[in-house]
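One structure below.
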There are 2 protein chains.
Amino acid sequence: MGLIVQKFGGTSVGSVERIMNVAERVKDETILGNQVVVVVSAMGKSTDQLVKLAKEISPQPSKREMDMLLTTGEQVSIALLSMALNQKGLEAVSFTGWQAGIVTEPVHGNARITDVRTEAIESQLSHRKVVIVAGFQGITESGEITTLGRGGSDTTAVALAAALKADRCDIYTDVTGVYTTDPRYIKGARQLKSISYDEMLELANLGAGVLHPRAVEFAKNYQVRLEVRSSMEKIEGTIIEEEATMEQNLVVRGVAFEDQITKVTVLGLANSLTSLSTIFTTLAQHHINVDIIIQSTTEAGAANLSFSIKTEDLMETLKVLEDHKELLGYEQIDAENQLSKVSIVGSGMISNPGVAARMFEVLASNQIQVKMVSTSEIKVSAVIEEENMLKAVQALHNAFELSSVTE
Amino acid sequence: MGLIVQKFGGTSVGSVERIMNVAERVKDETILGNQVVVVVSAMGKSTDQLVKLAKEISPQPSKREMDMLLTTGEQVSIALLSMALNQKGLEAVSFTGWQAGIVTEPVHGNARITDVRTEAIESQLSHRKVVIVAGFQGITESGEITTLGRGGSDTTAVALAAALKADRCDIYTDVTGVYTTDPRYIKGARQLKSISYDEMLELANLGAGVLHPRAVEFAKNYQVRLEVRSSMEKIEGTIIEEEATMEQNLVVRGVAFEDQITKVTVLGLANSLTSLSTIFTTLAQHHINVDIIIQSTTEAGAANLSFSIKTEDLMETLKVLEDHKELLGYEQIDAENQLSKVSIVGSGMISNPGVAARMFEVLASNQIQVKMVSTSEIKVSAVIEEENMLKAVQALHNAFELSSVTE
């Protein structure tokens, strides 16, 4: 008999019918003799509706009160799922984040989990009950209700799996698993049987939105065996686990892509030593995520700096740079938008030199110009024009033989 | 500077606009220099919607999970009201029932408050914040979320006022105060300046639904000065307080009435000694409220028993009696419906004999037949035909000069 943590997102509990379907999935595991802890998100669009209500009252509602407001969404889901399980003949008990012992740092809107006190859950499991936990929420040591920010329910599930030493953490989604690339756009995209935490992390960060990177990182740190599965179809998903247990014959395991990228270039920075940190500190304070950064020095000793951002942050970025022009002492700013980022990911790259070269070769042979490059041990990213994005992804997917190679 | 507890019901917080109006009412008190604790119910019909969702999943959802589900309603209200107060420039902090220290017995759906731990609220008040508390909900010693049942938010407000030793507990409703009788139906109905706890208790129990009897009883036990006020109009309400401070010149203070009453008669009960307790214990187990009870013994030694119930409970009552026929050993059951109950209430009755006689005289002179009678020290109730109800109330209101006498 094992202990399984299951996580179901907002779409999976979006209606009474779907909640009954989730109950069926939970029952499947109990029939196999497993103990089950279920983590659920708020129903479908209910969070959006609550946000809308709040915005009608205040353009910038207090973060504490937003947490108070939004955490009701998951509380509704856990109660309804518990009723659905009872209806299917299972004994179940629902817990809010604080009842489940999810302790977080004292931050509203985006708190990190600092502790999981599992006594209450373990006591209910020992009474052979299914335990349902509200995702996305926790409590501070002083009793304040907090939320975990984006991907919060994934993080709740992984944290619980780690604390309870669960045998598996199943993340149920509206896709059937992790793919070599997005099957909606790319021919030959294929579901992976398994993938390492690091590879998943790169894919997750690159916008393959199946699993939140925070949850993957948590799983990696605590060696939680994750499985991404479909909440609708009863088929095998993708297992995310430590490298060692997997075959290594695939150098590249997936191709990720993201559009709506803008490259900002700051020309003639007077003193690059302090201006660099000033620029990025200031942008971070304005919650602007900077991705790739390239710096070059001119003959005159000034520096040119380029960095990529999401296009939606462009106006804010320009305003921040403008506001600090005197401090930064640059000459000019250029912005190039309608760009995209294409990345190949695979832990095999570490031991395979020439993978990046092969990528550039493929792009060049397709007449695609590379604007920026960024590499990690298991990833190469290239910023290219948006109009070439899908062509590039398809060419890379073909070139690295992702559709045919067996794992 | 005083401490005021304000309570706003579901209608008062039923929309964004109304929540802003409530915030205005709260602000009024702070401008007077008062500390304010606000208790709110769930928005308008939101509780009904949650109940509907639950019923779609399970015809008889677990009471624990219903509490988990329904308590989200007030949590939404407190967050939104807190945002609205911020928007009006007030510092505010919202608390769920458990955060506010509302401790209840371990019963779901209808728990009684056993303790109020005010440290958290007092700490926030000392920081000059308005404290907003979710009504209707509490927590057991073991951390289970409970609800207080009907009138729960009124009870929360009174319990907090008692525990915090508040100067006043203002119950904001959609009426302007407590009336001598229902002004929608009876000419000359007049708002009372003040009324005693006992009188209010009788009126509350008799269906003058301004305030829940449980809350009035709580207020009486802890000597909390209540005021019933309009959430819409800025006018004086009705104060509910101890007898001594009030004038006593009014013998009868109000006329209450209730339709949809049925009189059930059980004929030929063999052994009245045990059958009486058996009947009422069994009915209570089925949550059927019995109001007036009349018993008479026949010459043969058998007993005839009559009692009044709400007509909606008739089918269930007949079924229960039928199921226990052998045990009870009666001969026959009669039921007479389309009845109503009319009651006069006033603490002056204790020292004024003949008030009941005057009531029967008024009813008789209007050709109204009395089917059952029940009296307490400050109340006389008569069960009459439903079609005569309003005629009887108007006649009694006139006869006891309730519209003209000054308080």
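Cβ atoms here come from the backbone N, Cα and C positions, even for glycine.
Features reported for this protein in TrEMBL:
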BINDING   A:LYS7, A:PHE8, A:GLY9, A:GLY10, A:THR173, A:ASP174, A:TYR179, A:ARG184  ATP binding site
BINDING   A:THR47, A:GLU74  substrate binding site
DOMAIN    A:264-347  domain 'ACT'
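Here the features listed in TrEMBL are placed on the structure.
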residue	record	Cβ contacts under 8 Å, 6 or more apart
A:LYS7	ATP binding site	A:VAL38, A:VAL39, A:VAL40, A:GLY135, A:SER153, A:ASP154, A:THR156, A:ALA157, A:CYS169, A:ASP170, A:ILE171, A:TYR172
A:PHE8	ATP binding site	A:VAL22, A:ARG25, A:VAL38, A:VAL39, A:VAL40, A:SER41, A:TYR172, A:SER231
A:GLY9	ATP binding site	A:SER41, A:SER153, A:TYR172, A:THR173, A:ASP174, A:SER231
A:GLY10	ATP binding site	A:SER41, A:ALA42, A:MET43, A:GLY44, A:LYS45, A:SER46, A:THR47
A:GLU74	substrate binding site	A:VAL40, A:SER41, A:ALA42, A:THR96, A:GLY97, A:ALA134, A:GLY135, A:PHE136, A:GLN137, A:SER153
A:ARG184	ATP binding site	none
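Remark: secondary structure over the domain 'ACT' (A:264-347) totals 32 helix, 33 strand, 19 coil, with classes taken from DSSP. Each of the binding-site residues A:THR47, A:THR173 was assessed for Cβ neighbours inside 10 Å, and the highest tally belongs to A:THR173. Fewest other C-beta atoms within 10 Å: among the binding-site residues A:ASP174, A:TYR179, that description fits A:ASP174. For the ATP site, whose annotated binding residues are A:LYS7, A:PHE8, A:GLY9, A:GLY10, A:THR173, A:ASP174, A:TYR179, A:ARG184, the maximal Cα to Cα separation is 24 Å. A:THR47 (substrate binding site) falls within a helix when secondary structure is assigned with DSSP. Mean pLDDT of the predicted structure over the domain 'ACT' (A:264-347): 86.
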